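Accompanying notes for the structure given below.
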Amino acid sequence: MTDDLQAIVDRIHAKLQSRLGEGKVADYIPQLAHVDPRKFGMAVVTVDGKVHSAGDCAEPFSIQSVSKVFTLTLALGKHGETTWNRVGREPSGSPFNSIVQLEQEAGKPRNPFINAGAIAVSDLVLAGHTPREAIGEILRFVRYLADDETIAIDPSVAKSEEATGYRNFALANFMRSFNKLSHPVEHVLGVYFHHCAISMTCTQLARAGLFLAANGRNPMTGHTVVSSQRARRINALMLTCGHYDGSGEFAYRVGLPGKSGVGGGIMAVAPGRASMAVWSPGLNQNGNSLVGSLALEMLADETGWSVFGH
Ligand SMILES: NC(=O)CC[C@H](N)C(=O)O
């Protein structure tokens with residue numbers, strides 16, 4: 001299977017050549033609009049630690065909302081089940097930056113993966129810290145997960161988003177008006193924008209997700225990151241909420257827990273088997289990587305890894 005896997009990854013890369021550049025690169029964060037839309041990277045790390053990769057798998061890109069999986073994991077570690085007093089666990093069925101549900105539900109976001117929910121999670125990670133310390137803690141955690149000290153935040157992306165993040169400021173102020181944030185809006189968003197601006201390669205991202213494929217323990221480092229129950233639950237949230245209002249479609253086509261970001265990255269997990277990441281900057285109408293989703297659909301088809309059966 002392992003040797004076959006590299007052949008499968010190579011085949012997917014080759015088959016998708018004619019599709020590269022499809023979709024629309026996110027331009028509401030000006031710094032993201034500069035990325036070459038024809039980039040494509042893919043990495044699959046199996047639970048025995050073997051890496052299978054293709055294309056631009058060693059080129060760092062902005063992980064954006066994929067980071068929300070890591071901040072949720074950190075918040076759960078700090079606050080345990082009380083995290084759920086601040087953010088729900090239901091799919092939203094609305095776009096990632098939607099504000100309408102927040103009013104109906106009195107400032108408690110539907111889930112931790114839409115922007116409002118991740119802003120609430122940033123507020124939780126900020127507890128007892130300055131924004132700089134909280135950002136440092138998140139970065140250290142991601143480096144620990146991926147076992148790679150070279151992972152960094154791209155300050156130009158954070159600044160670019162801070163300058164144009166009107167929608168996120170609106171969401172955070174709205175939550176604050178319901179007394180749902182414990183820290184100043186500028187501090188919470190400072191944390192949020194910086195974790196969205198973490199740059200990683202597909203290989204690093206696949207490694208960072210490995211604990212979710214292996215019952216909470218990173219088999220490459222031997223570190224127990226979370227309990228198996230928590231890993232299972234984070235996977236459940238990724239499956240139901242990881243692609244916003246495209247989560248149903250992703251489950252239907254790919255059948256794996258996954259989390260997307262507007263930088264064009266997707267991290268996905270085949271429990272008990274592998275963690276994987278793809279990167280292709282063009283997005284579909286839901287803000288999820290178009291070619292990246294196709295690549296994962298092909299991978300799930302060829303490996304039979306869907307959590308719903310072969
Ligand atoms: N879907 C995403 O990746 C959105 C993240 C982005 N930083 C934003 O807040 O808009």
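Placement of Cβ uses the backbone N, Cα and C atoms for every residue, glycine included.
V262 is the residue from V225, V226, V262 that TrEMBL records in the substrate site together with S65, N115, E161, N168, Y192, Y244.
Ligand 1 lies within reach of N168, V262 from the binding-site residues N168, Y192, V262, judged by a C-beta closer than 6 angstroms to any of its atoms. Among the residues S65, N115, E161, N168, Y192, Y244, V262 said to bind substrate, no two Cα atoms are farther apart than 20 Å. Cβ environment of Y244 (substrate binding site): S92, S94, P95, F96, F113, I114, S260, N286, G287, N288 lie under 8 Å away, each six or more residues apart in the same chain.
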